[in-house]
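The annotation ATP binding site is assigned in Swiss-Prot to G154, G155, A156, G157, V158, G159, K160, T161 on the grounds of sequence analysis.
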Amino acid sequence: MATPANQTGRITQVIGAVVDVQFEGHLPAILNAIETKNGDNRLVLEVAQHLGESTVRTIAMDTTEGLVRGQEVTDTGSPIMVPVGIGTLGRIMNVIGEPVDEQGPVANEGLRPIHAEAPLYTDQSTEAEILVTGIKVVDLLAPYAKGGKIGLFGGAGVGKTVLIQELINNVAKAHGGYSVFAGVGERTREGNDLYHEFIESGVNKKGGGEGSKCALVYGQMNEPPGARARVALSGLTVAEHFRDQGQDVLFFVDNIFRFTQAGSEVSALLGRIPSAVGYQPTLATDMGALQERITTTHKGSITSVQAIYVPADDLTDPAPATSFAHLDATTVLNRAISEKGIYPAVDPLDSTSRMLSPLIVGEEHYQTARMVQQVLQKYKSLQDIIAILGMDELSEEDKLAVARARKIERFLSQPFFVAEIFTGSPGKFVDLADTIKGFRAICEGKYDHLPEAAFYMVGAIEEAVEKGKKLAAEAA
């Protein structure tokens, strides 16, 4: 709600990231941005509570060192506003929409408030539709819903970032869509690396503008909790603008746990009584307010991929448990698979999707996915026997299942466009129909005669056949 702008108040108390401000006249509304100067910097405070006696309690979006009591503060009359539009692509902004990449001001198509209502149910599209990513393992076994939310689980160094880059690249190519990356409370070094990797891999152009596909909004680990608790909303606001223009947008959040963690810090500073495991009492409300805005409308869609850190690997911890309630699919990256050199290292048995139903994806896709999982599961259950007794002790039927499973494992790998500079092999975008056809044929034994090496790092099944012929010719 807008209130009269330019009302001035004075700081009465500063405790860490929490600043109390007293206003003589009209009090600024809850969630309004109020501004002051801290040295040469513009400091934005967001109103969180009305305390009485004309005083509001605010959360600072930057460090509060240097603020003094009695300092003048001005009400902007609206929530935090961030630039939106094509000009944000290829740029890095902070939580309040200021550029932090030293490439000049952000060209924008206007400003939007970071706090907004979720779209009305009547505006939402209720059709279940798949977002084809061109990545075989994802499209076949854990397909993404257009306008859905996907949890990305994985430890350090198993390929989360490369998978994210490939998704951004493929969505831009296949759907002409843009992406927004919100870096929430992660390492500054990783944020810097990602920015440069995006430029190197062709996802973005230096300085942004034409040819860039992804906007970056960062609030990293060293920022105060106010910035980390709001930066996901700033990124989402940029994505919502693209959606309202009729785009299919990909919205990445790395890491959704840090959003909850920052909310917990802010909550404690505001003096709220903590709830389970010390989290904020408003945990489900905060998460819902963010997640419900990520949806498909009749204009366009926002599909969200959220990296989820699981504290102490405890899936019952309130933070990840609250995230799970909103997810449509999970993509689990497994170190054991990456150690075999199979990339993307997506676990085909652990990754799940609500979309994998015959009513949504069709009977053929569903049956093929289940056949693939059955073969892989059988191989997994035989691995102990193979390790102790060797392959020779297996029955003929089991030997065949193992051979097919090893081919499937290798066929689940594929060369990425964004990794061409490392691998030297050109990236492949595989259509869904080709993916289904290829895996079905392997399960039915049509390619039992080909060596398993033929299936490694190829796109469609035809390439595996060609590679098989080449390998045979070289061996002859």
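Each residue, glycine too, has its Cβ placed from N, Cα and C.
Model, not experiment: these values are computed from the prediction.
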For the ATP site built from G154, G155, A156, G157, V158, G159, K160, T161, further residues of that chain with CB within 8 A of the site's CB center: L333, S338, A345
Least buried by Cβ count (within 10 Å) of the binding-site residues A156, V158: A156
Reduced DSSP assignment, T161 (ATP binding site): helix
For A156 (ATP binding site): DSSP state (helix, strand, coil): coil
